[in-house]
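What Swiss-Prot records for this protein:
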- Tyr23, Gly49, Ile50, Ala51, Lys52, Ser53, Leu54, Glu196: ADP binding site (BINDING)
Amino acid sequence: MAHPHLLAERISRLSSSLEKGLYERSHAIRLCLLAALSGESVFLLGPPGIAKSLIARRLKFAFQNARAFEYLMTRFSTPEEVFGPLSIQALKDEGRYERLTSGYLPEAEIVFLDEIWKAGPAILNTLLTAINERQFRNGAHVEKIPMRLLVAASNELPEADSSLEALYDRMLIRLWLDKVQDKANFRSMLTSQQDENDNPVPDALQVTDEEYERWQKEIGEITLPDHVFELIFMLRQQLDKLPDAPYVSDRRWKKAIRLLQASAFFSGRSAVAPVDLILLKDCLWYDAQSLNLIQQQIDVLMTGHAWQQQGMLTRLGAIVQRHLQLQQQQSDKTALTVIRLGGIFSRRQQYQLPVNVTASTLTLLLQKPLKLHDMEVVHISFERNALEQWLSKGGEIRGKLNGIGFAQKLNLEVDSAQHLVVRDVSLQGSTLALPGSSAEGLPGEIKQQLEELESDWRKQHALFSEQQKCLFIPGDWLGRIEASLQDVGAQIRQAQQC
């Protein structure tokens, strides 16, 4: 693939030209363009009058000298109206059953069929062959058809368990469209003077026949990396477990992979990336219920697994747990240990400070910070006499939080290991230690593991930053992925500061 970045830029400019004058239809235009460039079919679902036919007409201008055919199906439509009338001359002179296909579907590159589900069996059967094999049987001859894009539209879904399901399964991309929602866009649409049927695409951007044929071969050379396949298989396995998930045929999965290859190719990449998998949200649904379910499952895949977000959080959890174990071990070694006094028959156990603790004011460090009296506290200052009296007789004990202000009332106790423990309002405790006896900073083992984890996070974030330059993926999906990665990064940095 020569100059992939130039190709990606050209396709982006081509799409922008096709989108001119169409409001809130950028995603539909881009996916229809991707389908046309890879030879796939699209189904547009939505009420009348929302530019479904205009989208198909616009796609004709993506190609040089492309021919278009469009038809509104009714229950009374005949094959002659779609595939061309019979040649009376050929039948009369030579007895040949042959259609005159000029100006009809068999000779069109871009095809739009409205109210598709109203087509009769004779049309549907021929249409299936045209979609599957890009062939049309004309009398005794089988002719190749040049169709690059079939856009079918309706304001309803096909009935379940009907003869229409086979055709519905051939339509790889399925888009649910609605009226223009944004106020400014609605106003612009009402006041626009642009002729919707004008060609908005400069000649230099239009795709030639030679380019189209060459690209079809190059799309097939785009690789599917192992880690991307694992994500696809994970999604498939998850859908198989859900009772309400739609049935997805092997044929649909295979055709979807080619669409992902095309997305990578026209984004200037040589391999399918996790970001391309977002396109599956427009390929795997069947009805309104499954549309929401598919989007939810792909959202979980993208924000939890595609860039190892969940894996990194699992590693972080293990590191934090190990840090807590080391802190507990350190706490047991460095904590201030008071001396238990005799007095078996006294109502309250009595203690005293070690003989080597002689300062009139004691500053004791918390093994882990606590929030006390709305303040983040890392050390507490006690008057020696007040602390000795509390150890001997109990009652109220006060200390200066972080050594400042007035002495505040504290929830202090002596644990079974004869260590002083201060607790916050939620009864979370922190062991107290003398200055110099508490380890400072993170242990080397924990620091190294966190640095390695942060390095892996930076690699994943860099990969996403490179891959997100994809014309065919909506920005809101990219925003959610970025937020998920930033959340992981914030948790790693928070752990490094502990």
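Just so you know, the numbers here start at 1 and follow the chain as drawn.
Cβ atoms are placed via backbone N, Cα and C, with glycine included.
Keep in mind that this is a model prediction, so the values were computed, not measured.
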* Structure fact -> Counting only residues outside Tyr23, Gly49, Ile50, Ala51, Lys52, Ser53, Leu54, Glu196 in the same chain, those with C-beta within 8 angstroms of the ADP site's C-beta centroid are Leu22, Arg25, Ile55
* Asked: Once the chains shown are all counted, how many other Cβ atoms turn up within 10 Å of the Cβ of Ser53 (ADP binding site)?
  -> 18
* Asked: Across all protein chains in the structure, which of the binding-site residues Ile50, Ala51, Leu54 has the highest Cβ count within 10 Å?
  -> Ala51
* Structure fact -> The largest Cα to Cα distance in Å among the residues Tyr23, Gly49, Ile50, Ala51, Lys52, Ser53, Leu54, Glu196, listed in the record as binding ADP, is 14
* Structure fact -> Around the Cβ of Lys52 (ADP binding site), other Cβ atoms within 10 Å, all chains included, total 23
* Asked: Around Glu196 (ADP binding site), how many other CB atoms lie within 10 A of its CB?
  -> 14
